[in-house]
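Undergrad: Below, the features straight out of Swiss-Prot:
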type	residues	note
BINDING	C325, C328, C393, C396	Zn(2+) binding site
BINDING	H380, W382, W388	(S)-thalidomide binding site
COMPBIAS	23-36	compositional bias 'Acidic residues'
DOMAIN	82-321	domain 'Lon N-terminal'
DOMAIN	320-428	domain 'CULT'
REGION	1-50	region 'Disordered'
Amino acid sequence: MAAEEGGDGRRNMGNPPPPAPAESEEEDDNEMEVEDQDGKEAEKPNMINFDTSLPTSHMYLGSDMEEFHGRTLHDDDSCQVIPVLPHVMVMLIPGQTLPLQLFHPQEVSMVRNLIQKDRTFAVLAYSNVREREAHFGTTAEIYAYREEQEYGIETVKVKAIGRQRFKVLEIRTQSDGIQQAKVQILPERVLPSTMSAVQLQSLSRRHIFPSSKPKVWQDRAFRQWWQKYQKRKFHCASLTSWPPWLYSLYDAETLMERVKRQLHEWDENLKDESLPTNPIDFSYRVAACLPIDDALRIQLLKIGSAIQRLRCELDIMNKCTSLCCKQCQDTEITTKNEIFSLSLCGPMAAYVNPHGYIHETLTVYKACNLNLSGRPSTEHSWFPGYAWTIAQCRICGNHMGWKFTATKKDMSPQKFWGLTRSALLPRIPEAEDELGHDRSPLLCL
């Protein structure tokens, strides 16, 4: 996505842009700003024929990147000193892909040094961006890399992936300006099965998913099968003082199935085989595609158990009814029913534009209260075959994302919206305390 995000949107996105070539004809002085007329009338297509593997490959970065194999994992609870990549304002989730375009000599030099070592750097989760305050973060490992020169400027293009959560112990700045973070690697607490205390080990083997599991979620046969499976799995609850449904609230397998039902509502073509089977990896996959603000995301990042994380995610998915403009707060932009997936990563993924700004972009069928600015362009499109047009909040003018329109009539969907997470505020009903005062949303842990 090119950096033509509008004035305010460009200023709020972090890194200063590098020198750029002369503007193209698509960016002439006759820039349009019109109210979108067909955002509300858009309908879900019967089928999607777009290649969902294209966005995840980040082909706009180039196809001749040097790839690395293997992975670097640090011991749980160990203390490590890891360099911090400056200007990266993303709250990275383990397993999430992070594309980067780096122009600053300091960043280019740092990445070159990392390539010669373990290719790992720290991404800080800023709880207060203005004060540059961070107590948590995620290690990121480079798995693809390319150097090039454009207009006399050395640039580095990188694809990295989030690995492990950490707690920040200390941050020091070297003489060359690079920050070094002393961190403690946070472990994943694996909780035992809810029935392990009352169930014989020989009986637990019988509760593995049988091969006869129906594959169609909306099928009546699946619901019947699931009820029988749950009854058999938690039958030992009769030996305790608690009912079976209480145990199911803390059962990883049951929580994963409930979350999958929500994911299938977002993506009717979703195949269970494409999702991680490990509860830890699955919980991170879901966390990375939830359209929540940083306040909620850092709550997820702090949680050290997949079961607690899944419960929190399920609570968010059930409570979040719509998404509003973060600046206006009351201007509704879209609802959760309009979310769909156009990528193998899910409905939301991180992308980077030519000026190095990273946007975690959510795909939706319909959006409202938006104005379109500028002309459609296919340059640097994150979704090959689609042209993008800048979208701004109709009330405050805040940059919200882009409208994507197909360049060919046989493509489906013909149009959709890509909304940037940093501009969205999830609408979650606030609880009230005993005095009737509003409180922050309390997520189910």
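Even glycines carry a Cβ here, placed using N, Cα and C.
Please situate the listed features within the shown structure.
TA: There are 24 other CB atoms within 10 A of the CB of C325 (Zn(2+) binding site), with all protein chains counted.
The Cβ neighbour count for W388 ((S)-thalidomide binding site), using a 10 Å radius over every protein chain in view, is 23. DSSP assigns W388 ((S)-thalidomide binding site) to a strand in the three-state reduction.
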Undergrad: Between 0 and 100, where does the mean pLDDT of the domain 'Lon N-terminal' (82-321) sit?
TA: 84
Undergrad: With every protein chain in view, how many other Cβ atoms are within 10 Å of the Cβ of C396 (Zn(2+) binding site)?
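TA: I count 15 other Cβ atoms within 10 Å of it.
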Undergrad: Could you tell me the C-alpha distance between C393 (Zn(2+) binding site) and H380 ((S)-thalidomide binding site) in angstrom, no decimals?
TA: 23
Undergrad: Specify all same-chain residues, apart from the site residues C325, C328, C393, C396, whose Cβ lies within 8 angstroms of the center of the Cβ atoms of the Zn(2+) site, ordered by sequence.
TA: C324, K326, Q327, Q329, T331, N369, R394, I395, G397, N398, M400
Undergrad: Quick one: Cα separation, C396 (Zn(2+) binding site) versus H380 ((S)-thalidomide binding site), in Å?
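TA: Rounded to the nearest whole number, the Cα-Cα distance is 27 Å.
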